[in-house]
Amino acid sequence: MTRAVCPGSFDPVTNGHLDIVRRAAAIFDELVVATGTNVSKSRLFDPEERLEMLREVCADLPNVTVMGFTGLIVDFCRDIDAQAIVKGLRGGNDYEYELPMAQMNAHLTGVETVFLTTHASWGYVSSSLVKEVASLGGDVSALVPPAVHGRLQARLAAG
């Protein structure tokens, strides 16, 4: 059985993330969607909220499990016996950022990184952009799953 990990901050999960998850789930026997802590990013949702949203939007995917992790993603992969890391690429900047990490991960443990290009309709979507546009009153309902949109609106309304 081939197990892969699709890591991210998912703050919040977008339809672009979900597209990558669905496509990766069709490729691998088992996919673990893992949300971790990235100290360089400020968070709107805490880890448990992000896990809840991911579980809700991935509920229809029988071979997908949602888990949290701390530390290095390659250590998490080793702990759960995952053979690959799946990362979505929106464009060249993502590749420039992800390539050295993929090379380091392979150096540390031999875990391979599989890059999936984002569908053109989601290429401009990022969690950061969704949060910024939503905080300024813009309509992001087409960019996030409905359950996530409700939570996002409630969180921003609460201040």
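For all residues, glycine too, the Cβ spot is worked out from N, Cα and C.
Annotation source Swiss-Prot lists ATP binding site at Ser9, Phe10, His17, Gly88, Leu89, Arg90, Glu98, Trp122, Gly123, Tyr124, Val125, Ser126, Ser127, Ser128, citing sequence analysis. The substrate binding site annotation in Swiss-Prot covers Ser9, Lys41, Ile73, Lys87 and is backed by sequence analysis. If you look up Swiss-Prot, you'll see His17 marked as site 'Transition state stabilizer', on the strength of sequence analysis.
Mapped onto this structure are the features recorded in Swiss-Prot.
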residue: Ser9; record: ATP binding site; DSSP (3 states): coil
residue: His17; record: ATP binding site; DSSP (3 states): helix
residue: Ile73; record: substrate binding site; DSSP (3 states): helix
residue: Lys87; record: substrate binding site; DSSP (3 states): strand
residue: Glu98; record: ATP binding site; DSSP (3 states): helix
residue: Gly123; record: ATP binding site; DSSP (3 states): coil
Between the binding-site residues Ser9, Ser127, whose Cβ has more other Cβ atoms within 10 Å than any of the rest? Ser127
Rounded Cα distance, in Å, between Leu89 (ATP binding site) and Ile73 (substrate binding site) is 18
If one measures from the C-alpha of Glu98 (ATP binding site) to the C-alpha of Ile73 (substrate binding site), what distance in angstrom results, rounded to a whole number? 13
